[in-house]
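Here's the structure we're looking at; comments come further down.
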Amino acid sequence: MAKVLVLYYSSYGHVETMAQHIVEGAKSVPGVEVTLKRVPETIPVDQARAIGVKVDQAAPVATVDELADYDAIIFGTPTRFGNMAGQMRTFLDQTGGLWMKGALVGKIGSVFASTGTQHGGQETTITSFHTTLLHHGMVIVGVPYACSGLVNMSEITGGTPYGATTLAGADGSRQPSANELDIARYQGKHVAELASKLAS
């Protein structure tokens, strides 16, 4: 049985919502075990609450060592100046031991993200994230254009061939759209299908 981990960091809930729909898509594939976890918050709780960070999230916090237990990992992060959030970077910077063992070599790595604006760095966030995954020897999987949501021109929407994305709005008030969530589900299903084939 293939094991898929959806691992995310979410400040205000947008990436958390996307992660839940990626899980939904992955779970639609028979014979795949799907786990949802998040990386630790690095901002002190009192300060995080003061700036509106969603501190209380249902997903348990992951440990670095458990990454080796999965056949595929789908990472989710908000954008910080065109790169992944510091919380995710801090977590990944602790994976040196896994790298030394080659523990993630040959496993699937996939990424989804959120940005504040339409051109706020969603693609650079995902592609720069890929660098770390490639150093670990992971096999990168994105979202193929077989996903019809990628060519939706009827609205302003996230979604790239590199991975699912959502636009949060400059003030965080915009929630993931139906199209963005469809793309997220597609990514989860696509990764789970490939993980199942590789694990068989």
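Including glycine, each Cβ sits where the backbone N, Cα and C put it.
As annotated by Swiss-Prot, FMN binding site applies to 10-15, 79-81, 114-120, H135, with the evidence given as sequence analysis. Secondary structure at Y12 (NAD(+) binding site), taken from DSSP and collapsed to helix, strand or coil, is coil. Counted within 10 Å of its Cβ, the other Cβ atoms near Y12 (NAD(+) binding site) come to 17, all protein chains included.
What Swiss-Prot lists as NAD(+) binding site is Y12, and the listing cites sequence analysis.
According to Swiss-Prot, the feature substrate binding site maps to W99, an assignment based on sequence analysis. When secondary structure is read from DSSP and collapsed to three states, W99 (substrate binding site) falls in the helix class. If you draw a 10 Å sphere around the CB of W99 (substrate binding site), it holds 14 other CB atoms from the protein chains shown.
The domain 'Flavodoxin-like' annotation in Swiss-Prot covers 4-191 and is backed by sequence analysis. Over the domain 'Flavodoxin-like' (4-191) the predicted model carries a mean pLDDT of 97.
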Exercise. If you measure W99 (substrate binding site) to T117 (FMN binding site) at Cα, how many Å is it?
Worked result: 34
For this session: Count the Cβ atoms, other than its own, that fall within 10 Å of the Cβ of T117 (FMN binding site), considering every protein chain shown.
Result: 14
Exercise. What does DSSP say about S114 (FMN binding site): helix, strand or coil?
Worked result: strand
Exercise. To which of the binding-site residues S10, S114 does the lowest count of other Cβ atoms within 10 Å belong?
Worked result: S10
